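Annotated thiamine diphosphate binding site per Swiss-Prot: His80, Gly121, His122, Ser123, Gly153, Ala154, Asn181, Tyr288, Glu371, in sequence order. Among the features that Swiss-Prot reports, Mg(2+) binding site is placed at Asp152, Asn181.
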Amino acid sequence: MSFDTAKYPTLALVETPDELRLLPKDSLPKLCDELRQYLLDSVSRSSGHFASGLGTVELTVALHYVYNTPFDHLVWDVGHQAYPHKILTGRRDRISTIRQKGGLHPFPWRDESEYDVLSVGHSSTSISAGLGMAVAAEREGKGRRTVCVIGDGAITAGMAFEAMNHAGDIRSDLLVVLNDNEMSISENVGALNNHLAQLLSGKLYASLREGGKKVLSGLPPIKELVKRTEEHLKGMVVPGTLFEELGFNYIGPVDGHDVQALAHTLKNMRSLKGPQLLHIMTKKGKGYAPAEQDPISWHAVPKFDPASGTLPKSKEGAQPTYSKIFGQWLQETAAKDSKLMAITPAMREGSGMVQFSRDYPQQYFDVAIAEQHAVTFAAGLAVGGYHPVVAIYSTFLQRAYDQVIHDVAIQNLPVLFAIDRGGIVGADGQTHQGAFDLSFLRCIPNMIIMTPSDENECRQMLHTGYHYQKGPTAVRYPRGNGTGTELTPLSELPIGKGVVRRQGETIAILNFGTLLPEAQIAAEKLNATLVDMRFVKPLDEALLEELAQSHSTFVTLEENAIMGGAGSGVNEFLMAKRLAVSVLNIGLPDVFIPQGSQEEIRADLGLDAAGIERKITQWME
């Protein structure tokens, strides 16, 4: 996509924030209009996160206009909303490559630009990192300022409050901008969000603000003071807010789409000392009516036609996603068991739980972005005699590792972890690949871990884990569609038993997970035995011993880090039993895997059928 200077005459003048700061203030609204339109044109052609960026156009322009970036540090939380930031910081002409192999990173990324001071992707990290930068800036003594932008969903996480509590204690100069669009990926929950959403419409707030302005503006000597401290008058209306109790000077709420007023407010705040919190109200999807009306569906989008106002529908006959299979299993199980309790940390849509949340609202809990709480909450439900299911992405389960060990596994509580997005996720890059869950779960005592090879096996494993009441279980499945296999009635699988799918000679391919179709092709060409191992823990030790008697080579296959993964478990067993079998471990290498489509990444890593065959052939030479 070439940049059309005639269509975007003001944006054409702004390649970097230095050029932005040369513009007269009255041209900023025009710049925002063009920036929003350019974002729409670009993302509709390339796919990507969409609604969040539309809502932060004015904030992004105002921040770069007022603050001396990159000398001043601007820290974005999560990064979904940072597309306008990328466009204004030297990456305008490459924005159409975002989330693609070799293209712009989907989130702010330190290796990509000096304006991206923190690499992000997971939520609620900005204030902690920003506080560290603010302390470093104080020691440096050069007047560097630090600003953190965090959304109303991300600020509900415990880490954000830990950071604010610390900031209020040490009193470093730090600005936190709370971007309140009343809508994170799933609807926000909890008393804090209700409080924030009600502030702007309060009659007391509005009348006191206007009354205070009239009284003070009638005194000529302090007119300028009124301009500089109007924000403080707003803060006076809500004394004792949670933020002020944490030691922040709370200012707001203010209109996040009035770029000139926002720039004025930020300019005033730049000189304030100590921790400051600016609360802005924005509209997710601002400027594009379909996204404003349905910001959840338009949060992340495929390529689409902006004129149609609709997203492309799934292809007819497409196989169901694993997330949908999970949601259907939840429905089927809840219909028979009122003690099922399903828990998600703010990922209702992505985890396939929308219909379940509507049909079984009393058995559904969205705990917001609070993975640690989600796991320990599940532990409490299990203690109380209920049957909790924690639906969580692999990459986000990392955030609750201690809770899995301390609150669930040590107490041997029957909690089922439905781990979505295991393995290669694709376009979201390093922060979202599900590369480590088998490794970090396998070493936990009492944990049973299952890896389905297709959607029917996924259903059966969820059923098996749910009815296993002797301790915690995990079923780990990928992003994407199933294979089209027939769905059979639910029945419990024997724990720790694999299935031989093909009988061959010399080589036994031990598959863990959904790479089975690729392994099948390689096995046919190599005349290898193919085993669907099903269980990472416990391993089918009897089957491994049997195979070791008739095969000289084992090849373990998994879409997880090789280090510590399922293949490592096979190695450990063979060594412990002194079984003389050569082993090739195939999986994810010891690197953070960048963005690309799932197919591109698997091909690059040799995890497609041709790559698996090639790795085995080369190793056997």
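In case you wondered, yes, glycine gets a Cβ from its N, Cα and C as well.
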Out of His80, His122, which has the highest number of nearby Cβ atoms, where nearby means within 10 Å of its Cβ, if these are the binding-site residues?
His80
At the level of the C-alpha atoms, what whole-angstrom distance separates Asn181 (thiamine diphosphate binding site) and Asp152 (Mg(2+) binding site)?
7
Rank the binding-site residues Asp152, Gly153, Asn181, Glu371 by the number of other Cβ atoms within 10 Å of each Cβ, and give the residue at the low end.
Asp152
In whole Å, how far is Asp152 (Mg(2+) binding site) from Glu371 (thiamine diphosphate binding site) when you measure between their Cα atoms?
16
If one measures from the C-alpha of Asp152 (Mg(2+) binding site) to the C-alpha of His80 (thiamine diphosphate binding site), what distance in angstrom results, rounded to a whole number?
13
Rounded to a whole number, what is the top Cα to Cα distance in Å among the residues the record ties to thiamine diphosphate, namely His80, Gly121, His122, Ser123, Gly153, Ala154, Asn181, Tyr288, Glu371?
32
Going by DSSP, give the three-state secondary structure for Asp152 (Mg(2+) binding site).
coil
